[in-house]
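Copied from TrEMBL, the annotated features are:
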- H191: active site, proton acceptor (ACT_SITE)
- C199, C204, C226, C229: Zn(2+) binding site (BINDING)
- 383-395: compositional bias 'Basic and acidic residues' (COMPBIAS)
- 47-343: domain 'Deacetylase sirtuin-type' (DOMAIN)
- 1-23: region 'Disordered' (REGION)
- 355-395: region 'Disordered' (REGION)
Amino acid sequence: SGLATPPHPFQDSDSDTEGGAAGGEAEMDFLRNFFSQTLSLGTQKERLLDELTLEGVARYMQSERCRRVICLVGAGISTCNIPDRLIPGPPPPAAGIPDFRSPSTGLYANLEKYHLPYPEAIFEIGYFKKHPEPFFALAKEFYPGQFKPTVCHYFMRLLKEKGQLLRCYTQNIDTLERVAGLEPEDLVEAHGTFHTSHCISPLCRREYSLSWMKGEKIFSDVIPKCEKCQSVVKPDIIFFGENLPARFFSCMQSDFQKADLLIIMGTSLQVQPFASLIGKAPLSTPRLLINKEKTGQRDPFLGMMLGLGGSMDFDSKKAYRDVAWLGDCDQGCLALADLLGWKKELEDFVRKEHARIDAQSGSGAPNPTTSTSQRKSPPPAKEAARTTTEGEKTQ
């Protein structure tokens, strides 16, 4: 579903070339570029971090070299908890949105009541067209408007305010980046969004707003039907069997060569083609991972065969640009904000924005993390956050 297929290494790149020599040279050029980019064998490597730590990243972000930051984010920025001690006063609750794959708390683990042939069917376009009821029943559990953005979301908003955010690429469909104040041009919603919906009929495709879907449809046990043709109306999230948005590919082509820093947060980097984005930036571009565990460390030869490239390297003697900060994503953003001198600004921003959201929804609004018994976030990391530096062994 939307996998990026790399060019075949041995495909003739110019079928009209006269003679085998010219064609062979073009083929060799292609192979040299392919192997160079995939295995990072090029000569463009330059170490820009003075230290492979969060402190080194912070100093780099404060330098003139770092002007354009791309954030790559996944479910971890919406499901993480933030300990009370990190922000004085009543803690801003994490979004509390269940993720898809966590044992016992993930959405896939709680779908027995829908009698699906297999859990993933609820997000398969073919199954949805025949049986939309399970999806819309589940959609109530995580539909936008019930949750507040987290510290991670507001950290990206601060990057925008300070003129450093080039783009946020998100795997999330919860629209919390928008709620936190990122504009549509700031975002690439790689797996779609609940923000808009469309009629599934290819002859109609009428668009509907979030307010239309929420107002009288999704919370009233009514399957939303197109007012024009009476076909089912589906939120614009990407189901298995659908292509990724065209914006994902168009922005990818232009954004990553401009990137001075990648900040990767709350993603397992398991889903393609999103996971391949870490290999799209120039070889010198530093990459910071804020996550509960290390990820993106593919076998380089497997990456070569799949055309993915860009494997993360935190621990080898050749490591020169990748830093892993291990712990809850909110804690990681607060730690980085502290090093940048932004911590108080970020804390105040979170409190102010959450108060505004509460005021808009009414003082009786339920806590988004506790209003439904099934919405349980993973517990906070027991260990102190760890920053992985060059040569440090994986814990």
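A Cβ is built for glycine as well, from the same backbone N, Cα and C atoms used for every other residue.
Within the same chain, residues at least six positions away from C204 (Zn(2+) binding site) with a Cβ under 8 Å of its Cβ are C226, K228, C229, S231. Taking only the Cα positions, the spacing between H191 (active site, proton acceptor) and C199 (Zn(2+) binding site) is 18 angstrom. Over all protein chains present, the Cβ of C226 (Zn(2+) binding site) has 18 other Cβ atoms lying within 10 Å. The Zn(2+) site, placed at the center of the C-beta atoms of C199, C204, C226, C229, has further neighbours from the same chain whose C-beta lies within 8 angstroms: I200, S201, L203, R205, R206, E227, K228, Q230, S231, V233. For the binding-site residues listed here (C199, C229), the lowest count of other CB atoms within 10 A around the CB belongs to C229.
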